[in-house]
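> To start, I am sharing the structure in question, which I have written as structure tokens.
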Amino acid sequence: MDDVDDINPFSSDAGSPIIAANLSLDEDLSPPDTPVNAPARLSSPGPTPPAKRPLPLSSSSSRQQPPKTDFCCTRDQWLHSGDDVEILVTGAQKTSDNSKTPYIAYIIQTGHVETRRRYSEFESLRNSLVKLYPTLIIPPIPSKQPISDYAVKQAKAKEDANLISRRKRMLHTFLNRMARHPILSNEHVFHRFLQSDVSWTEVLHSPPISTLPKNILKAPAHAPTDTTSAQVYAALPNPSAAQPLRHPDARFLESEIFTDKFANHVSGPMEKVTRRVMKRWAEYSHDHADLGAAINGFSLNESGALAASLEKTGQAIDTGYLSTSALLQEMESTWAEPLHEYSQFSSIIKKLLMYRHQKHVQYEMTQDGIESKREQLQTLERNEQEAQRLEGALSGSTIRPSRSTNSGTNGSGSDENPETREQDDAEVPPYSPPPPPARRGPPAMGFLHALSYTLHGMMDVDPETARRNSITKTRETLSQLEDALQASAQDLKYASSTIQADLDRFQRQKVADLREMAISMARSHRDWCKKNLEAWEEVKRETSKIEDHPNRLPLNEPASAPVSEPTTGRPT
């Protein structure tokens, strides 16, 4: 498997290979003289032959890769220029170019180049990358608009300002995650998506996307568009996602359990609580808007210091409304949307682990198929040997004819020596032809098997020829399955090591993102408190200018001694 290690973009000495004791992979996984798999495709072919990007190291190594020097296009050069580049989604514009109905086009800015792409094109880009790189975590794009929104808003659902703003932010995140990925940033299909003079429809109908197989499980994991080994992969079975493994890998079992827990927590309590909190903050903001307007109106009916104090109070409440609206926007962009994005990530990782699970099931099913074909071949060969032995025994037994009277008979045709004839007849047993083979009835396997048996009986099939043809066909099938087993083992090892390395990269990204989310949440609340504190400090200063209450003593003057009641004498 040395060649598979070479083409693995995340392989390292510290990485643990999938061929471990718990898998019980008895097959020799060393590559044949002519490798079944073609070299890995790290970038798709385009107008200019793309150069190979230096492969990134895994998480166990801290060494830096040398900068890229060969570029397939100008967008590739810009992405890998060495600067901290950022792809911007600067706006959204309603247009009807190349379409009968109007749609929203999002403006992508990469350096000095602007490109307009609609949401469906983002979706097709991601779907294509999922098929081109089945062992990588492809970042998510914003979810589609719920059907309920279309039922309520009908034609205006796509033009909702909040929806467009949310999509702009999440598409911006998607593009920059792609640009910072060590493998996906080198994909020429992604470069062409960023080019303004490229028709995306032509990209979808040209290689490599047009050469993708219908079933991704029957294609090399490292190069799904490779057609040189299509015949080998066609012999692989098509496994079910629900089929269990006989020898599961403990590493990926733990990954599946952890991903389920993460998905249940993020998409369950955290998202639900976040929606409730934001709903209450929104109600709080609207209530403050109404209250501020009411107090400002009330200040118009008063005069002097009281009117000024009421006006400042209304302004402070208005400041609370504005700061709460800003807090809601901050929470939406820095907390709620990333939380939803990681809920999508959990679903993506589940599908990725399911792909690896099916590859492992495919390997075990191929092993079972080989064992079954070997047993079938041994049975056919034993039957052939038994038939040859019987045929040889039958052809080797000769029948001695009775002695004629041509050389020693009298005229009446009787033997000259009757005793000799009786002795010869006693030596040779009488010949009895073997009974014809009994025709076996059709096995109780259903109507189709019975019909097939009847048709074969009517067609006068030679059993020897049929048996030998079955032996030849079984040997060919067995040879194809052995080649397919080797290809499946290579796919399993490559997929396992690459998925594990990308999971490690994702874990580092997740920790950094959650840290930034928490800091942003704290910063937003701090700014909200600062703005409200300053506003209410002004209210306090303005309120202090109002005269003291006439029926109360000033707070800075001590209270006088209590007056004692006069004492009255008791009458005598």
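FYI, residue positions are counted from 1 along the chain as it appears here.
Just so you know, glycine gets a Cβ as well, placed from its N, Cα and C.
Automatic prediction, not curation, is the source of TrEMBL annotations.
For reference, TrEMBL lists these features for the protein:
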{"type": "REGION", "residues": "1-71", "note": "region 'Disordered'"}
{"type": "COMPBIAS", "residues": "54-68", "note": "compositional bias 'Low complexity'"}
{"type": "DOMAIN", "residues": "81-200", "note": "domain 'PX'"}
{"type": "REGION", "residues": "381-445", "note": "region 'Disordered'"}
{"type": "COMPBIAS", "residues": "404-414", "note": "compositional bias 'Low complexity'"}
{"type": "COMPBIAS", "residues": "430-440", "note": "compositional bias 'Pro residues'"}
{"type": "COMPBIAS", "residues": "539-551", "note": "compositional bias 'Basic and acidic residues'"}
{"type": "REGION", "residues": "539-572", "note": "region 'Disordered'"}
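How buried are the listed features, and what sits near them?
Taking H, G and I as helix, E and B as strand and the rest as coil, DSSP gives the domain 'PX' (81-200) the counts 58 helix, 22 strand, 40 coil.
Sequence-distant contacts of the compositional bias 'Basic and acidic residues' (539-551) (same chain, six or more residues past either end, CB-CB distance under 8 Å): 305-306, 308-309, 312-313, 316.
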> Across the domain 'PX' (81-200), what does the pLDDT come to on average, as a whole number?
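Taking every residue of the domain 'PX' (81-200) together, the mean pLDDT is 88.
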